[in-house]
Structure formats: structure tokens, C-alpha cells
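K.L.:
Below is one structure. I have some questions about it.
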Amino acid sequence: MAVSGFEGFEKRLELHFSGDDPLIGNMGLRLLDFDSIEKVLHAVQCTVVSAVGNQYFDSYVLSESSLFVYPTKIIIKTCGTTQLLKSICPLIHHAFTLGLMICSCRYTRGNFIFPKAQPYPHTSFKEEIIFLENNLPNNLYYRKASVLPSKLSSHSWHVFSACDESHILMQNMPDELYTVEVCMTELDRISAGKFFRRPSDGKNGDSAGMEMTEITGIGDINPNALICDFAFDPCGYSMNGIAGDRYSTIHVTPEDGFSYASFECMGSIYDDPIDIVEMLKKAVQVFRPGTVSVSMTSNNHKVWKCVAKAIESLGMKFRSCTMDEFPATGSVMFHTFTTRRK
Ligand SMILES: C[S@+](CC[C@H](N)C(=O)[O-])C[C@H]1O[C@@H](n2cnc3c(N)ncnc32)[C@H](O)[C@@H]1O
């Protein structure tokens, strides 16, 4: 493995807000002006490379991953040496100016490939927890941090979750929507090679990204999604897909020695699990990784059994499954798989 390289593993933050104004349900956080968003991203150390929105939410591809803004929810996912947790205070402040108060927070990440390269407050999970504890308001009283282990020393799932009284009371009514986060390492070299630009290809980041979406099969994962894609130079790729009120996102670090790709999407407990399973299978097949981890915020046994079977059907071996309960999030399931040749 390389001594140091680009850190593909993302940090992911999801904040929920509430307020008294009935108009909040319509626009809420989407009323944040672009200048404020750029200031938040400046604190994190990344920038917007493209943006698109529909009637439900706004989606931004960032220089380091993605941002999704819903009326009362923000999801921000960043990789490299970004300082994601530094977005918390400015986001709470900007939301307050719109009459919104934070009511829940979830922070998740995998194991960094290059942990020593991470700046404060991401130098360790302990440091991240201290930062979260000190920067979240007291109304987020119910808090829990835990690391879900696996049989692979290189893969574990770090979760911090906090919520206020209203979310705790809702705990027995599981959220209709759940998220699935897939982290893939040791990508097949031929598959990873498709995320390198050809020298002097005469394209810009958008047109090269569009070409990668097409030739890799990423465009077929959810044919109903509107895709916003970007290719970095000389390599690397990011895309956000938007379909109604649901997002999906893929990020690729194709460099040999520290190759990494992630796929994230949303599911509903009312959907047929086949839909999400088919998307997951297609996403994993794009990269043919040596190792896959799947983390889900759903305790729907039917869904996670289908997911495990689907990944196994791609020739991968189930290695471990861990579960824990968190305030605001409910259950988090963490599965790992490796190629059979390992
Ligand atoms: C931002 S993308 C996708 C990040 C995502 N979290 C991942 O690794 O799956 C990262 C890839 O783009 C490459 N890259 C090239 N120029 C970049 C830039 N200006 N900012 C961030 N990444 C860049 C990196 O070397 C890496 O391969």
C-alpha cells in the first residue's frame, strides 16, 4: 500500500432541523443563499463543482464529495483531509436565521486508509466525539457513540448520533426512509482505469464525467435518476443522482494502492427490497472490489437479508454482520464481504 495518498473514505454528517413556521416544510434550509453555503464549505475546506435541484431538494457535487439540502435536513459527505465537523456551528447558525433549530445529528465514517494524514478534529474517533459533544447544543440530550467492528481489521463503522426529546419520542415509529452506505476498496484495476482521464482528451470536468458515467455503466444503476457528474484531472469521479425526493451518490478514487469507491442511496420501508438490491448489485459490479462494506440504517430484516444475498450472488463471501441501536437513527447494521479468492 502507498505510504500516503488521497483519502477516499468519506466522513458523513446528517443534521435534521425543526421550526414553528408552516412554510418551513416547503423551502426551509433551501432558502440558504449560495454565499452562506460557500462559507460553510470554506470551513470544511472544499468547494462546489456543480449543482442541480428539483422540487424536493438541492444537490451539490463538491470538490470532495457531496451536499444535499432538503427543507429540514442537510446531508454533507466529504473525503480527503476535509474538516467536516467544522460545518456544524455555521450550519446551526444559518438555520437559526431561518427560524430552524437542530433536533438531530448523525455522524458516520469508515476506517481511514491514511489516519495520520487527518487534521483536527478528525485525528481520532475520540477527538471527533469530543468535538461533537462540545459543539452540539444541549437540547440534543440523547447521545451515543460506538464503533461497529467487523472481521476485517481494515473495516469498522464509526457512528455518533444525538437527538432531542421529540426524536426520542418518535423512536418507536421507524423512519420511512433509510440510507445505505457502501464502501468498496481494492477496486479491479481495469474497472478503476476507466476513471482516469485520457491526456489531452479535449474535455472539461463535466463532459469527461458524462463519458465516465456512460462507459462504466453508472448511468444504468438507476435509469430514472437525473445525474450530475464530474471527472477530476488526472483521475477521480463524483456523481449525484436525483430521483424525486431521493438522492444517490458515487465517488471514486481510482489510484492503485489506495483505490476506493462509495455508493450511497436511500430506500423506503414501503419499497420492494428488490429495487434497492438491484441498484446495489449494479453499483458493486461497476468496481469489482476486493472488499465491500454495507451500512444500513434499517432494522428491516427482510431488506438486509436480501442485500447480503445480493452481494454474495456477485461471488463475494459474507464475512461479518454487526448491529447497534442509536438515538435518532434507530438500528444501524454493518456488513462486510470480501472476494472469494481472499
Ligand atoms: C473527489 S474524488 C472522489 C472522492 C470520494 N470520497 C472517493 O474517493 O470515493 C477523489 C479523487 O479525485 C482525485 N482528484 C483529482 N483532483 C482533485 C481535486 N482537485 N480535489 C479532490 N480530488 C481530486 C483524487 O486523487 C481522487 O482520486
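Note that Cβ sites are derived from N, Cα and C of the backbone, with glycine treated the same way.
From TrEMBL, here are the annotated features:
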ACT_SITE  S65  active site, schiff-base intermediate with substrate
ACT_SITE  C79  active site, proton donor
ACT_SITE  S238  active site, proton acceptor
ACT_SITE  H251  active site, proton acceptor
BINDING   F6, E64, F232, E255  substrate binding site
MOD_RES   S65  pyruvic acid (Ser)
K.L.:
Out of the recorded positions F6, E64, C79, S238, give me the one sitting nearest to H251 (active site, proton acceptor) by CA distance.
P.N.:
S238
K.L.:
List only the single closest residue to F6 (substrate binding site), chosen from the active-site residues S65, C79, S238 by CA-CA distance.
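P.N.:
Smallest Cα separation from F6 (substrate binding site) among S65, C79, S238: C79.
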K.L.:
Max Cα-Cα distance in Å among F6, E64, F232, E255, the residues listed as binding substrate?
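P.N.:
16 Å is the greatest Cα spacing among the residues binding substrate.
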K.L.:
Fill in the CA-CA distance, E64 (substrate binding site) to S238 (active site, proton acceptor), as an integer in Å.
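P.N.:
Distance between the two Cα atoms comes out at 8 Å.
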K.L.:
Excluding F6, E64, F232, E255 themselves, which residues in that chain have a Cβ inside 8 Å of the centre of the Cβ atoms defining the substrate site?
P.N.:
G8, C79, G80, C235, G236, T253
K.L.:
Please tell me which one of the active-site residues listed here (S65, C79, S238) sits closest to F232 (substrate binding site), measuring Cα to Cα?
P.N.:
S238
K.L.:
Helix, strand or coil at S238 (active site, proton acceptor), per DSSP?
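P.N.:
Going by the DSSP assignment, S238 (active site, proton acceptor) falls within a strand, counted as strand.
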